[in-house]
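> Residues or ranges marked as transmembrane segment by TrEMBL: 9-29, 41-64, 76-95, 164-184, 196-212, 218-241, 262-279, 291-309, 321-341.
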Amino acid sequence: MMKFTKQNFFFLIGGMIIYVVDIGVDFWVASGYFCQGQYSWSILILCFRGLSSVITQIFSYEWFKNDWEGTDTGKLKLVFLVHLFHCGIFIRYWFALKYGCQAAFKQTSSRGASEADPSNFIQKQAIDAVTDINMLRVFKTFLETTPQLFLQIYILMEHGKTHFYQYAAIMMSFCGISLSMVDYQISLRKSLPDKVEFLVLSKFMYLFYKLLTITSWILSISLITLLSVRISVILLLFLWICGFTWTLKQHTTFCKSKKMEYLYRTVVGIILIFSFFNIKGRRTKVCISIYYATHTVVTLVILFVYMFWKPSIIKEICFTIVSILTISSLVLGIIFLVVYYSHFHPTIYCRPQAYSDEVDGVAGQKVRVKIGRFHNFLMQ
């Protein structure tokens, strides 16, 4: 099992600070639009925030219920009340800081010790607590941060008028997307016994691959929204249906109840609108190729539509800049993707015996390892 280090602890504190600042920036931006009389933008921002908060609270409470099954019901009632007031993430941060402090500063973990060993148990508690938080941050990223980034870019392109809080919102969105992507992948690999940790270069390759492909796609959607909001909504709805259908065919087993599993698949469908990930931990070379090939084709089609539908707009410098950014970020993102999977993915640089998909219940396995819900959600 990998160790929860002091560096991880300080990153956890930083993540909590960014989470709080992000909430403040959201309300600042919403109030700014409201004061300008742009009520629709203000309401949309608050809707993104509210939707992501409701869904993350539901998942957080369900995980507490699953983890505390058979324990004191009084605790669960208190936790339910906290989640009802949309403060569940702060309970999780409290547990993560508590276990993380013990694991990083007070405990020493020995590799040969069993999971029942007190020091290793604290390490596992800390890693699991952080993984829970980062999973919820992934949900928040694609339910609120990414749609809000798209909205802010669309407003800038549509109206041209800029305010400091708009740039603040865009910067916070980029920071939120970057941190949630990398942090979740790192903590996931720490929490699973059959995974190895990222190298530093691997983290950067993964970050640039995700960030650049998402940026290109958001710019593409913004362009088509400028042409027609109706077409944009139809495209996004079609992509969500495709993503949701794919998750149904994958027969995911992330949640214990059927209702929660369908909610999970709904969220996955939304995430798949913006970025690809492997939800079953299987090799997905064909799927990921189809996914980004489709994004490339749609992006090129959008740019060609502009040329034939609104040729006059091509002369505008704004369109030229956005087009160059869209194409360049897509090309660079695909390059980073190929380089990452060719040279920097953990399956490439680790030893075969250290990386295996065989976990619990394998014939001949000497030590049975208890695996949690996150073995069923493997972002790639």
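Here the Cβ of each residue, glycine as well, is placed from N, Cα and C on the backbone.
Those TrEMBL annotations? Automatic predictions, nothing curated.
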> Give me the stretch from 41-64, 164-184, 218-241, 262-279, 321-341 with the greatest number of Cβ pairs under 8 Å to the transmembrane segment (9-29).
164-184
> Would you kindly check 164-184, 196-212, 218-241, 291-309, 321-341 and say which stretch has the most C-beta pairs under 8 angstroms to the transmembrane segment (262-279)?
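The stretch with the most contacts is 218-241.
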> Counting Cβ pairs closer than 8 Å, which of 41-64, 164-184, 196-212, 218-241, 291-309 has the most of them with the transmembrane segment (321-341)?
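Answer, by Cβ pair count: 196-212.
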